[in-house]
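Worksheet: the structure to be examined is printed underneath.
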Amino acid sequence: MLDTLRSRGDDADTTRARLATLTGRTGLDARRMPVADDEPSRGPDPPATTAPTEPPRVRRDRVGRWIEHWIPVGLRTARWAPGRRSALVLCAALGVVAIVVGVALWTRRPVVEAAPALPSAASTPPRSSSPPPSTSDQSIVVSVVGEVNHPGLLTLREGARVADAVAAAGGVLPETDVSGLNLARRLADGEQVHVGVPPPPVPMADGGVIGPGTGASGGLGGGGKVNLNTAGAQQLDALPGVGLVTAQRIVDWRAKHGPFRTVEQLRQVEGIGETRFTRLRELVTL
């Protein structure tokens, strides 16, 4: 019987010691804690109260065990103790990072640009939109008449020659005599070039007209027209579009076939086509 009581007492002491370890109580406080045993309770149960909160130490122990569960064993006892060299390397790395960040922030800052100064109206004279024309860009206008393919007004560069005007007019007609034309002469603005035809006759004081190469007025008809049946080669040469060669052919045709009966017979003369006849029709008579 005594042995049984002692055994129960030892179990109670062991239980109190374990509780004291978990709750942090020692000595008399642990002895005062109730211990479950086989003895019936000696008094009524204490009134029901709220469940006691878990002691902070117990919570810390649980957190510690949870951390130890996930941290490898080799790192649980590791301690970071950098030496002097490691500290210098760390400081240098931090310095480089700080410099890079500073440069990045400096380059991204907004740059204020000053507005350009407006030119003063008094200091800058107005400029012309177009440069003054040079001598090479100036042009002249001449009139080309006579035995050319495209007679009329032509615009040529300044300093052009008679040959340039004839070429711009499409060239001379076939069988046109240009021996009396100075093709190398420099042209002037407003000039008229006669190709294969003499200049227009100059009015005379008595009302008649005279052209270059004309003699007496016996070959002239009424109104200053040339008579095809009485005019000589020199008088016929004065007609526009008729050179010395064509004038001689008119005289030869008249000697072979007799006097002209109509002006239209002038087409039968060699070298007088439709274009040339149209020009001569109003200048000749019978």
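Cβ coordinates are placed from backbone N, Cα and C, and glycine is handled just like the others.
What TrEMBL lists as compositional bias 'Basic and acidic residues' is 1-16, 28-42. The region 'Disordered' annotation in TrEMBL covers 1-60, 117-138. Residues or ranges marked as compositional bias 'Low complexity' in TrEMBL: 17-27, 117-127. Among the features that TrEMBL reports, compositional bias 'Pro residues' is placed at 43-55. Positions annotated as transmembrane segment by TrEMBL: 86-106. The domain 'Helix-hairpin-helix DNA-binding motif class 1' annotation in TrEMBL covers 234-253, 264-283.
If one looks beyond the transmembrane segment (86-106) by at least 6 residues along the same chain, no residue has a Cβ coming under 8 Å of a Cβ in the stretch. For the domain 'Helix-hairpin-helix DNA-binding motif class 1' (234-253), the number of residues in each DSSP class (helix H, G, I; strand E, B; coil) is 14 helix, 0 strand, 6 coil.
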